[in-house]
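Engineer: What follows is a structure written as structure tokens; I'll ask about it next.
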């Protein structure tokens, strides 16, 4: 057997008997991994004269990129919007537990909170790679407090803020630091939001439109300033109206700058969005759909009372409400459940459902060269799934980090 040691001492693992999601379709070929990256076998054979050190039979599994959740508020009793002494161990727990849902990277999300919470919590969130310790952290998603009072949803009204006094300086003072921030959700109809969107975009932070009463022209203007995402489409925004479709109209707007794509998050849990609305959005703009869980601390726990930032919420089956109301407040859905529900509700292909939770969020964040894909030289973060899209094994950097039949980690 020819040796591959001339190029690298690292072992080469060959995954055989599988269907790989690559170039938008499932392809029956092997997956080669070395040093945490997807390897091009042709280069290996012809340039290095190398071969596999280990072969793994995947037993006809689907191999897909790891899921990326860009909106998750917590889970398993941990609330990312609470400044507790055990915040770091809490975020570690969630990152470890969501491996079983196929999530290999995520954006811990904070709902509208007082400035003191941002000042205490954000310095404790560090961007890091995933591994046996848990899913990778891509940076925080700050949902609020610069949102509309009319569409606050589960966000506490007394913590809402505006940009009117100092615009971007107000935002900086509220958050304290933007070092670990990846996404900011704001309402684009607010005065001076345009300059804030431009400043955030300049810093490489993704701006999302949500919790808003914006009309379509205000939403289009925000996109022209640099906004690229819509937070949980249909939820906490003006309903679609044929004379002014509001933020929803961005899905088919002809005012989007050339070369720009608007993405939109959808909570595909069977509760937040009727399957017909899910189908309408998907058919109108399939390449922009990003599945998010919007999961709260109660995900993975029994029904009852839990928290979402400053609010008390009640879980009743799969419904989560602000205690004493019928206002929806996040979800308890897992990402793999959302993928299966999306595929079932829309009748889309397996490939499309998997890419909505992997490729599209990676494209939104501009990391599709290394995440959300199984192209050569990308990170070897991937899942083995059965035909029912149930996760069997989760890999990060080519290393098995969770397996269905192993003890829960």
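In case you wondered, yes, glycine gets a Cβ from its N, Cα and C as well.
According to TrEMBL, the domain 'Amidohydrolase-related' annotation covers 62-401. For 143, 211, 232, the entry in TrEMBL reads Zn(2+) binding site. Sequence annotations record features per position, and here TrEMBL assigns substrate binding site to 154, 235, 236, 243, 272, 328, 329, 330. Among the features that TrEMBL reports, active site, proton donor/acceptor is placed at 294.
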Engineer: Please average pLDDT over the domain 'Amidohydrolase-related' (62-401) for the predicted structure.
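Structural biologist: On average, pLDDT over the domain 'Amidohydrolase-related' (62-401) sits at 97.
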Engineer: Using the alpha carbons only, what distance in Å do you get between residue 330 (substrate binding site) and residue 294 (active site, proton donor/acceptor) once rounded?
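Structural biologist: The separation of the Cα atoms works out to 5 Å.
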Engineer: Would you mind reading off the Cα separation of residue 154 (substrate binding site) from the residue listed as 'active site, proton donor/acceptor', to the nearest angstrom?
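Structural biologist: With distance taken Cα to Cα, the residue listed as 'active site, proton donor/acceptor' is 12 Å from residue 154 (substrate binding site).
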Engineer: Within 10 Å of residue 272 (substrate binding site) (Cα to Cα), which of the binding-site residues 143, 211, 232 do you find?
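Structural biologist: The binding-site residues passing the 10 Å Cα test are 232.
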Engineer: Cα-Cα, whole number of Å: residue 211 (Zn(2+) binding site) versus residue 294 (active site, proton donor/acceptor)?
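Structural biologist: On Cα coordinates alone, these residues lie 14 Å apart.
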Engineer: Around the Zn(2+) site recorded as 143, 211, 232, what other same-chain residues have a C-beta within 8 angstroms of the site's C-beta center?
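Structural biologist: Result: 71, 144, 147, 153, 155, 185, 208, 210, 231, 235, 236.
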Engineer: If you draw a 10 Å sphere on the Cβ of residue 328 (substrate binding site), how many other Cβ atoms land inside?
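Structural biologist: Step by step: centre on the Cβ of residue 328 (substrate binding site), count other Cβ atoms within 10 Å, giving 20.
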Engineer: Measuring Cα to Cα, tell me the gap between residue 143 (Zn(2+) binding site) and residue 328 (substrate binding site) in whole angstrom.
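Structural biologist: Their Cα atoms are separated by 16 Å.
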Engineer: Long-range same-chain neighbours of residue 294 (active site, proton donor/acceptor), Cβ under 8 Å, sequence gap at least 6?
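Structural biologist: Same-chain residues close to residue 294 (active site, proton donor/acceptor) (Cβ under 8 Å, separated by 6 or more) are 71, 72, 73, 109, 232, 265, 267, 272, 330, 331, 333.
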Engineer: Of all the binding-site residues given, 235, 329, which residue's CB has the most CB neighbours within 10 A?
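Structural biologist: Going through 235, 329 one by one, the largest Cβ count within 10 Å is at 329.
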Engineer: How many other Cβ atoms are found within 10 Å of the Cβ atom of residue 236 (substrate binding site), counting all protein chains shown?
Structural biologist: 25
Engineer: Near residue 211 (Zn(2+) binding site), how many other Cβ atoms are within 10 Å of its Cβ?
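Structural biologist: Residue 211 (Zn(2+) binding site): 29 neighbouring Cβ atoms within 10 Å.
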Engineer: Would you count the other C-beta atoms found within 10 angstroms of the C-beta of residue 330 (substrate binding site) for me?
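Structural biologist: For residue 330 (substrate binding site), the 10 Å Cβ neighbour count is 32.
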